[in-house]
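A.B. asks: Pasting a structure below so you can have a look.
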Amino acid sequence: MAKWDSCGSSPAFKQPHWTQIPFTDQKQEFNRPPTRTVRSMSQSSTDSFASVHSDTSDDESSPRDKLQKSTKGPSDFCIKNISQADFGRKEIEMAGREMPALMNLRKRAGGEKPLAGAKVVGCTHITAQTAVLIETLVALGAQCRWAACNIFSTQNAVAAALVKAGISVFAWRGESEDEFWWCIDHCVGTETWQPNMILDDGGDLTDWIYKKYPELFKNLKGVVEESITGVYRLYQLSKAGRLSVPAMNVNDSVTKQKFDNLYFCKESVLEGLKRTTDIMFGGKQVVVCGYGEVGKGCCAALKALGAIVYVTEVDPICALQACMDGFRVIKLSEIVRHIDMVITCTGNKNVVMREHLDKMKNGCIVCNMGHSSSEIDLAGLRSSDLKWVHVRPRVDHVIWPDGKRIVLLAEGRLLNLSCSTVPSFVLSITAATQAMALIELYNAPEGRYNKDVYLLPKKMDEYVASLHLPIFDAHLTELSDDQAKYMGISKHGPFKPNYYRY
């Protein structure tokens, strides 16, 4: 088996033949007329959509209390309803058509199986797009077990389809806090199955293993983390000298920051708000807390629909960017009485506190686009003097004694993945980045990575981007030998130094 070695700066670097990108060959493939999928409004299609995107069910009992059976695949799983598998398979197939990078990885690397022998335990959102990633990892030779990183984002039918395909999944939409940790614990599977790779989103899985099963780190080759929250936890461990394996910070890779965080949030924040509140954005006064890539995407989308957008920031560089983009930077306390909506995007905690919530006007919408619900003071909202009224899936009215109410979405959890569908194409970029990071850590020779947190090699970032260009019929200009020498770079990349800011 040809070992994967992606570190372009290494003298031993040899790029596997399947990573060579024949743009001319792919152009023909992507220029073919697409196979049209017509979704009729038949009962089956309605059931399919409801099974994937709704949390309603006649059976409100916990899957933990049921005997889990599958005609095919493992019995080691816990999901809502295995009978929804066929609906979930349709969703996965639809997502796959919009995820060209993963499809190409399957074709090019499938023969070499760069993840043969890898046992990947994952904790991410379980959606149709993540299912395409999981099945790509399996196609590359890995064994996988999966839990959900968010209690509201799991698509039950997709989880069923994965189980039917032979993958152990422990997740369902609407888990309680206790069920969430129960699923992670059972996913780790220490008695019958021990992982050697972790793919995490938010750091909960990694943290759980550190606290309950620290002995597993003896066999782990690395951790891949894709969220700012989880990356922060890893850097804390590293600083304290407690990080016992190499970790790959995917969140700060160029392809994650500049595409997922920006474009993904730019499109999905509006759909999440529309589906839950039916709001019209024109003329609404909105505060976006944080002007990182997520905040930039949210602000751009809201501004385009006529909202009056304010930004809160702690970083003077991000604040200056917001000013130059035409947004007023202000403290939340200075504008809180007048706003119609507040969206948190900081990845921090205690951003919107009870003192802010008390001052908001009647009907103000409060939601979060960061990974964790810690940005909003939920404990303050659950005090005895306030009344909660559940009005729609993922929509609660919190009512003050004088009758004032605010509209809280997804109980402060991630708005877009909890309340709407998401664009598969952008997630193709993130998923491919995650896959490449797993391949890199799993195949890295002894001594390349220490027990520290690393960024994805820039050569791999460029490779992920190049996998998506054929769908746009994009043609890259090639450097001449003289130009490459003048710039002091290779004709084949990396094209920018590590310190370059895109």
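Including glycine, each Cβ sits where the backbone N, Cα and C put it.
Just so you know, TrEMBL annotations never went through curation; they're auto-generated.
Annotation comment: TrEMBL describes Thr127, Asp201, Glu226, Lys256, Asp260 as substrate binding site. What TrEMBL records for Gly292, Glu293, Val294, Gly295, Lys296, Gly297, Glu313, Asn416 is NAD(+) binding site. Summarising the annotation, TrEMBL assigns compositional bias 'Polar residues' to 37-54. The domain 'S-adenosyl-L-homocysteine hydrolase NAD binding' annotation in TrEMBL covers 261-422. Residues annotated as region 'Disordered' in TrEMBL: 1-76.
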A.B. asks: The record lists Gly292, Glu293, Val294, Gly295, Lys296, Gly297, Glu313, Asn416 as binding NAD(+). What's the largest Cα to Cα distance among them, in Å, rounded to a whole number?
C.D. replies: 22
A.B. asks: Can you tell me how many other Cβ atoms are located within 10 Å of the Cβ belonging to Asn416 (NAD(+) binding site)?
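C.D. replies: For Asn416 (NAD(+) binding site), the count of other Cβ atoms within 10 Å is 26.
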A.B. asks: CB neighbours of Thr127 (substrate binding site) within 10 A?
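C.D. replies: Around Thr127 (substrate binding site), other Cβ atoms within 10 Å: 26.
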A.B. asks: Among all the protein chains here, how many other CB atoms are within 10 A of the CB of Gly295 (NAD(+) binding site)?
C.D. replies: 29
A.B. asks: Could you pull the average pLDDT for the domain 'S-adenosyl-L-homocysteine hydrolase NAD binding' (261-422)?
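C.D. replies: Averaged over the domain 'S-adenosyl-L-homocysteine hydrolase NAD binding' (261-422), per-residue pLDDT gives 94.
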A.B. asks: Rank the binding-site residues Lys256, Lys296 by how many other Cβ atoms lie within 10 Å of each Cβ and give me the one with the fewest.
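C.D. replies: Minimum Cβ neighbour count within 10 Å, taken over the binding-site residues Lys256, Lys296, occurs at Lys296.
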A.B. asks: Taking only the Cα atoms, work out how far Gly295 (NAD(+) binding site) lies from Asp260 (substrate binding site), in Å, as a whole number.
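C.D. replies: Answer for this pair: 12 Å between alpha carbons.
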A.B. asks: Just checking: which of Thr127, Asp201, Glu226 have a Cα that is within 10 Å of the Cα of Glu293 (NAD(+) binding site), counting only these binding-site residues?
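C.D. replies: So the list is empty; none.
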A.B. asks: Just to be sure I understand: of Asp201, Glu226, Lys256, Asp260, which binding-site residues have a C-alpha no more than 10 angstroms from the C-alpha of Val294 (NAD(+) binding site)?
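C.D. replies: The binding-site residues close to Val294 (NAD(+) binding site) (Cα within 10 Å), listed in sequence order, are Asp260.
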A.B. asks: Take the C-alpha atoms of Asp201 (substrate binding site) and Asn416 (NAD(+) binding site) and report the distance between them in angstrom, rounded.
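C.D. replies: Computed Cα spacing between Asp201 (substrate binding site) and Asn416 (NAD(+) binding site) is 15 Å.
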A.B. asks: Looking only at Cβ atoms, how many others are within 10 Å of the one on Val294 (NAD(+) binding site)?
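C.D. replies: Step by step: centre on the Cβ of Val294 (NAD(+) binding site), count other Cβ atoms within 10 Å, giving 28.
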A.B. asks: Measure from the Cβ of Glu313 (NAD(+) binding site) and count the other Cβ atoms within 10 Å, all protein chains considered.
C.D. replies: 23
A.B. asks: When you measure from the Cβ of Glu226 (substrate binding site), which residues in the chain that are at least 6 apart have a Cβ under 8 Å away?
C.D. replies: Thr124, Leu199, Asp200, Asp201, Val250, Asn251, Lys256, Thr430, Thr433, Gln434
